[in-house]
């Protein structure tokens, strides 16, 4: 029997070495900001406990399965009526309770911490960015700077960013794994997420909550730049980038992917999707874009509505 | 509607499926006609109310659905094996993961377990059948028809593509037009009727029909797990029924419960779905726990360690299962207080589960363990399930979950729980009770091959996915770029998936091989180690009335007592009395067929057809109400002949 079990144990050992060897290569375990760092600490802390539990179970399992196998020589320790042990049962009820407490305390602390801007930069005023998910793109508004971008953002390094999340249609999730955990963006309401990048760099962000055909490509870039570069970019954009017209914005409300775009005004003056649930759907109706059954003949013939061609967008 | 909208067109994979479905149907019709099997099919199977036959049909359907869901899985893994693959497009991939999830949970895991419960529980408690045998047939046929309605979507009309969770507003008409999502709503609704009826049926059966002497705390652990599962079903399924009905109103009749327009509440759907969905997870895991308890105790030749603790642990798990649903959307911004509460309630589930793991381990302590195939599945369960368990605790820590949510870390976690728990449990139970159903064992040598192939394949497939999750790979993406660096682990994962596929084929081959060559069993106790009443029947496959004389129970593990005391199992002639049994009925099958008509009509919004179907359902209900079905008596002579009593 053990000859048969051996490859399994060997496989397990190989796998753990193989995977855990490159721990720091995994994005979530190699965060680039204080929010992600706090979550990483929590994750590694819990992995410690989990490894301990696995170790105890596997050692007990191996010992028992070997010692009490059917074809052993000495059968005197076979006790078919042995039905329990109060001491042992109290032991393995008490220890999990202690582990649960040990895990719960830092979890609760972190949950509350993440509702506020990171402590390390608490003295700095967060910059506010509104992120609006529309199938299948992200529209970002900087209400303080009065500018708007599509599918990318620039943020100043080492300063907390307060994301105000909402959605024009489907339930989406705003996630920049290198900076920290995600939160949902939902129609008709607003959620808040604090993130921060410690240094300059480019980070991948995406919608991680499935929302239909273009889901896979609903991604955006986060560029962390110095405060002065950020200020310069914001000022240049305000003065040089084209204004966002209502007509152009309505085109963005159609389902489809979009290029990166930059505007010197925001959509917030016409619509706040956090208060106006069905703006996008009504716009589609108004523009005569009828939802198509993906297996219907119309969807098969017609090309997907193109919106990249609309408006003067300049890629960044 | 045009023909090319009715039939799904434009994909060679679909045309292949069309052809194979056509050939299979023609082949079946030919077989039934040529070998004159129509009458046999109607009398023995379509109209049966016998719990053992219904159980076998449940299991056969579940294995078929395992094949379907498995093919879906392999198609997905093929598409993800390498970066930027063009094997499936986004829409097709979305449909496939939607049907994979829905089929595996609703039409594979649950019916497989309910099938085993059907076969075993009445025997285990010493009953003649379930409390409501006719209702049991209605349960099976509504499940079967619901499953078939859902399954044809991929060739007729198009499959749903909003995920098995069908989150609104994505699943609404505004973002998912067409019949696909209607299939989901109506298929699940019809099958759900069957599940709810099963819940009521077995709840009453276990509470009211136990053999004399079998007090609650003398019930076998599998019976306990079934009882608790049925309580969860009775409380949880009405929530699904209502939620599905509300979404159906949204889609078919323009209501605004969850829609974008008209101030619908999309978060309400998520809450209702998981209020059912989380208990559903325990509906598919607790019976597996029960089976592992039986199998481990049997093949360790020892009484179950901490029987009462095991029972209370399951009761606690069942209670908690209704108090943790928000952990499926910690990221919905419910606020720190709510997330804290649900984080703690979720972690608490780890405690009774941990108790059970240690009790299983110590059931083997001071035992005499034989490594039969069912025992291998049980041992594999312990080793792999704890991985799913500890990662579940990690996911329960809300602040960390913001990074795991919607990633392959989560995907890997729930597959470790559902495959190592539920699927291993189904296979273990199938092998263990196979001789009870068919009178011969599955071949042990091939069975062990199945175990090792499947178990190793499973780990190769899903273990890398934890790391893909930590590397930021979201679930449900249909492709990824080479620059992401996810290619290698995905390739490993795909190789594992195909190993599991080979394991499944080996299982199918084993069923065929054993049907041809396995030695036929004569005694009721095929493994020679049975502990509970199902092993106390006089023949390998129990007669339709189960026990010639209802057994009396004096403690736990009655069959062990019989074996140790060398008691005579053969019933005494004087005790045999005529047995009252229910008649067969074709009404449940006909009723379910009308459900199909109604469901199909509503899927395509052909309301005349929906109305015709529902009128048909109503008529069958009336027919049943006025049916003076009084059953019949099995005579003493017939019992004597069946039991081979010669006096």
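Any Cβ shown, glycine's included, is placed from N, Cα and C.
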Which listed span TrEMBL calls transmembrane segment, if the choices are B:552-569, B:606-623: B:606-623
Folded-back contacts onto the transmembrane segment (B:96-121), same chain, C-beta under 8 angstroms, at least six residues removed: 51-52, 54-59, 61-63, 65-66, 68-69, 72-73, 75-76, 88, 130, 136, 139, 143, 146-147, 150-151, 153-154, 159-165, 184, 187-188, 191, 195, 198, 202, 205-206, 222-223, 226, 229, 280, 283-284, 287-288, 291, 418, 422-423, 425-426, 429-430, 433, 436-437, 476, 534
Region pair the transmembrane segment (B:224-247) / the transmembrane segment (B:414-434), three or more CB pairs under 8 Å: no
Feature contact check the transmembrane segment (B:581-600) with the transmembrane segment (B:133-156), CB under 8 Å, 3 or more pairs: yes
Distal contacts, the transmembrane segment (B:581-600) - CB-CB under 8 A, six or more residues away: 42-43, 46-49, 128-129, 133-134, 137-138, 140-142, 144-146, 148-149, 186-187, 189-190, 193, 544-545, 609-614, 616-617, 619-621, 623-624, 627, 629-634
Non-local residues, at least 6 beyond the ends, that sit with Cβ under 8 Å of the transmembrane segment (B:606-623): 587, 590-591, 593-600
Arithmetic mean of per-residue pLDDT over the domain 'Cytochrome oxidase subunit I profile' (B:34-554): 95
